[in-house]
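Note sheet for the following structure.
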Amino acid sequence: MSSTFFGLETARRAINAQRYGLQTTGHNISNANTPGYSRQRVNLSPTTAFPNPGMNQPAIPGQIGTGVEGSSVQRVRDQFLDVQFRSRASESGYWHASYKGLERMEDIFNETFKSPEEEARSSNISKQLNQFWNAWSDLASGKESKSVLREEANIIAESFTSTARDLVETRGQLKEEIEATEREINGLLKSINDINQQIRSVEPHGFVPNDLYDKQDILIDQLSNLVNISVERSASGGKPSKVAEGAATITMIGANGTRIDPPLVTFNNPEAVAKLSINYSDSSYGAVSELVIENDTQNTPLGFQDFAKGEMKGLIEAFGYLENSEDDESATGSYVWALEKLQEVAGAFAREVNAVHGIGYTDPDRNGEMNLGGEFFTFSSEGIPFTLKLNESIAANTDNIASLGVNLDALKDKSQYLEYLKAEPVDYAAIREYLANEDHFKPGALQALTGNHTNAQLISEIRDVKVAFGENTKQIGSFYRDFIGELGAKGKQASQNYVNSDLLLFSIDNRRQEVSNVSMDEELTMMIQYQHAYNAAARSITVADELLDRIINGMGVVGR
């Protein structure tokens, strides 16, 4: 038979349990707008019933409940959604970095327009190439002067050079972003490791550090955006609660899905927190050669191919990396590719213009003498970026522009002009060398042969001539447009993949929030439930007190 005091203990337990619930609800409401906070709940469970079965058990009809206890306070979180979110965050981070790098490159080339009006107001290499060819054509027809041509030549040369310079400058900014991301990753790893130690100091005593879990998960989410990682939690020592989640071990995942040793953070070794460092090659592009993961006992060098995804991969891919870590000249990447393509276009452009200009003649000077044209442009591929500029002699004096060409009609009677021809020229250089020797012409023949601007017309027609680009031949403008088209396609793909991955990430995060976010309506409802239960438990104590008062003060007084 239970005593009269039995009800007091049951009610006391009820009051304590409802008080835990009210305190937890208040904590949830207080953190309703705290980023990364997961709502918490009190796990209520009935206490052991009375009596326990045994030889000395009282003869009562059955077991009597002894009340309730708050066994633990647990955060509400779906670990499966966390795994999904972090995987998609790495993918979104990679495509975001790729898209932003290509977007900045497209801005530099300025070849994408939203409307014809915007295109008409723009200035870019395609437009300036056409204006340059047109200037030669206008000079040949007498519509424009050599001064106009010189201006257009300066513009196109500066456009090529400044575009290359802007690419190199932006690439330098990407390197700064890589180094900043490297520091951010190392900072996050240190912070995650520090929280691990706090968790391991709390859990062995039976407490559940929910707020520390949340704080650590925020950092892990940020890290997953930068590199592809796997997270495992392991129980602390001592006597942890059944709902304790444990400290985190974080490992980087490689491109083939395998885990890369050493782990970035080890749950039970505070000294084994890893550090990431980026090494650069000694090549002309200074591309990334490797990323090294190093802790107190081990270091692992990784090539670009070992990266699965993450913002760091996108930044390195844009900046440039070595396809073969043992070959300093195997640099590739978005900006390396763009610089090489632009250099191909500029080099072919300068080469072809110089070749034709070199076999033309300048206008006769006051003494009636004419000079064979030299280089129109000065092009240098030494160093990064390349340089292209108008020849200094032409920049100083437009009379040095060799717009005059051979009068083909005059050549019908070669014997009047040509003294002799020793060999058959096979290229522009041989023709130029032959024509540079005035001894090959009879007196007065040179002036008769160069009486018009046919060389200017020839240079203007280079736009329609297929020239060598490696093993292929293509028009200069066509090659450049193909490059811009490929750049646009890459940018569009990166943009679309970023949008898609970000939408999926947003969807997964919404589902996480549905599970973990604080709902004010739900919390207020729980508060009212706990409040009424608390009041009822308090009333139960009052009733038990009245019963005891009746027994103590109201019984045994008959006959007094």
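FYI, residue positions are counted from 1 along the chain as it appears here.
Here the Cβ of each residue, glycine as well, is placed from N, Cα and C on the backbone.
Unlike curated entries, TrEMBL annotations are predicted automatically.
Per TrEMBL, the stretch carrying the note coiled coil among 24-58, 164-198 is 164-198. Under 8 Å from some Cβ of the domain 'Flagellar basal body rod protein N-terminal' (8-37) lie the Cβ atoms of residues 44, 47, 65-70, 73, 211, 214-215, 217-218, 221, 516, 518, 520, 523-524, 526-527, 529-531, 533-534, 536-538, 540-541, 544-545, all in the same chain and six or more residues away from its ends. Sequence-distant contacts of the coiled coil (164-198), counting only residues of its own chain at least 6 positions beyond either end whose CB sits under 8 Å from a CB of the stretch, comprise 101, 104-105, 108, 209, 212, 215-216, 219-220, 222-223, 226-227, 247-248, 250, 264-265, 267, 270, 273-278, 286, 288, 311-312, 315-316, 318-320, 335, 338-339, 342-343, 346, 384-386.
Here the domain 'Flagellar basal body rod protein N-terminal' (8-37) has, by DSSP, the following mix of helix, strand and coil residues: 23 helix, 0 strand, 7 coil. With DSSP classes pooled into helix, strand and coil, the tally for the domain 'Flagellar basal-body/hook protein C-terminal' (513-553) is 38 helix, 0 strand, 3 coil. Per-residue pLDDT, averaged over the domain 'Flagellar basal-body/hook protein C-terminal' (513-553), rounds to 92.
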